[in-house]
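Novice: Dumping what Swiss-Prot says about this protein:
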type	residues	note
TRANSMEM	33-53	transmembrane segment
TRANSMEM	77-98	transmembrane segment
BINDING	His83, His182	heme b b562 binding site
BINDING	His97, His196	heme b b566 binding site
TRANSMEM	113-133	transmembrane segment
TRANSMEM	178-198	transmembrane segment
BINDING	His201	ubiquinone binding site
TRANSMEM	226-246	transmembrane segment
TRANSMEM	288-308	transmembrane segment
TRANSMEM	320-340	transmembrane segment
TRANSMEM	347-367	transmembrane segment
Amino acid sequence: MTNLRKSHPLMKIVNHTFIDLPTPSSISAWWNFGSLLGICLLLQILTGLFLAMHYSSDTSTAFSSVAHICRDVNYGWLIRYLHANGASMFFICLFLHIGRGTYYGSYTLSETWNIGILLVFSTMATAFLGYVLPWGQMSFWGATVITNLLSAIPYIGTTLVEWIWGGFSVDKATLSRFFAFHFIMPFIITALVMVHLLFLHETGSNNPTGLNSNADKIPFHPYYTIKDILGFVLLCFILLSLTLFTPDLLGDPDNYTPANPLNTPPHIKPEWYFLFAYAILRSIPNKLGGVIALILSILILIILPLLHTSPLRSLTFRPFSQCLFWILVADLITLTWIGGQPVEHPFIIIGQAASILYFSIFLILMPLAGILENKIMKM
């Protein structure tokens, strides 16, 4: 009798994905973030489901329903803060996953990479919708400012914004639809994750050398299932430390004030994981130009395969490109810091310089470094 996991139609899919999957023997801990993202997604769906049972998507009761969850529901405070800080962990893993893909040239697997970028946009949209739901000051004004950006679209902009709002301002209709979309989006993300994995398993994983590893592969289980447990334990430790000791560390104090359309907070800003894109948006004085730059800050990842000028896939053996990569990381940290600062001197000029450097590294410096390294290798 054949093994059930190799003969049963459903078990076969699981077997080919998590058990007998041929995996390069040289992949490092940087390849752990895919499975960690899966765990984060599962955690967000479960905690979100329990929060949705007690949440009210009406403007008059939304804020008090979140307070009710934290005060009266059994372990409601834990579920709420696991969900909020789980989103932060999700984005930390996401940024590290993209960083690893950029460093090791995983963007050459174009279908997997493009679905991944679609996943980034979906995750960012979901996080934005979720940030509006507690209906605090920053929720309301964040929703107003970010949705208002669509009015920069020529001709249809204003109509589009009013259509999204369901009226002439962010109100009850907006909150109801944002809650509905926030609920459905994680399931769309889960479907996209399956497509992402499907394309990945068509080509096989990349590895730190960037070379073909068909001659040296090992089964995923038990080697990488055991290895992934370490990442899982670290993720749980960081998430629980955040949730139990400093649950509001990454949040905004303004969100503990109920939404008030008549009182604008002194500094409107999104969650920390959007600050780099927000800084790029603010660094351009023109509204439409800022919106285009905001979208391009993520969309630029799509053209990375076209900007790849080196015969080597990974940056492991490319010192100039490595320097540029770490300058890019420092630049992103600078942009994140600038996004959280008020719009005044010297933050404006620092943000503009960091934004120019961000696009220059991708579009000009990285391709030039690849060409230079080619010439040095041929000498």
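Glycine is no exception: its Cβ is also placed from the backbone N, Cα and C atoms.
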Novice: Cβ-Cβ under 8 Å from His83 (heme b b562 binding site), same chain, 6 or more residues apart: which ones?
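Specialist: For His83 (heme b b562 binding site), the qualifying residues are Gln44, Thr47, Gly48, Leu51.
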Novice: Mind checking which of His97, His182, His201 has the fewest other CB atoms within 10 A of its CB? They're the binding-site residues.
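Specialist: Comparing Cβ neighbours within 10 Å for the binding-site residues His97, His182, His201, His201 has the fewest.
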Novice: Using C-alpha atoms only, work out the spacing between His201 (ubiquinone binding site) and His97 (heme b b566 binding site) and round it to an integer in Å.
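Specialist: That separation, Cα to Cα, works out to 17 Å.
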Novice: If I count Cβ-Cβ pairs under 8 A between the transmembrane segment (77-98) and each of 113-133, 178-198, 320-340, 347-367, which range comes out on top?
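Specialist: Counting Cβ pairs under 8 Å, the winner is 113-133.
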Novice: Give me the long-range Cβ neighbours of His196 (heme b b566 binding site): same chain, 6+ apart, Cβ under 8 Å, in sequence order.
Specialist: Thr112, Ile115, Gly116, Leu119
Novice: Distance check, please: Cα of His182 (heme b b562 binding site) against Cα of His97 (heme b b566 binding site), rounded to an integer number of angstrom.
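Specialist: Cα-Cα distance, His182 (heme b b562 binding site) to His97 (heme b b566 binding site): 23 Å.
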Novice: Can you tell me which of 33-53, 288-308, 320-340, 347-367 gets the most C-beta pairs within less than 8 Å of the transmembrane segment (113-133)?
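Specialist: Ranked by Cβ pairs under 8 Å, first place goes to 288-308.
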Novice: So, does the transmembrane segment (347-367) come close enough to the transmembrane segment (288-308) to give 3+ Cβ pairs below 8 Å, pairs being at least 6 apart in sequence?
Specialist: yes
Novice: DSSP secondary structure for His97 (heme b b566 binding site), reduced to helix/strand/coil, please.
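Specialist: Note: His97 (heme b b566 binding site) is helical by DSSP.
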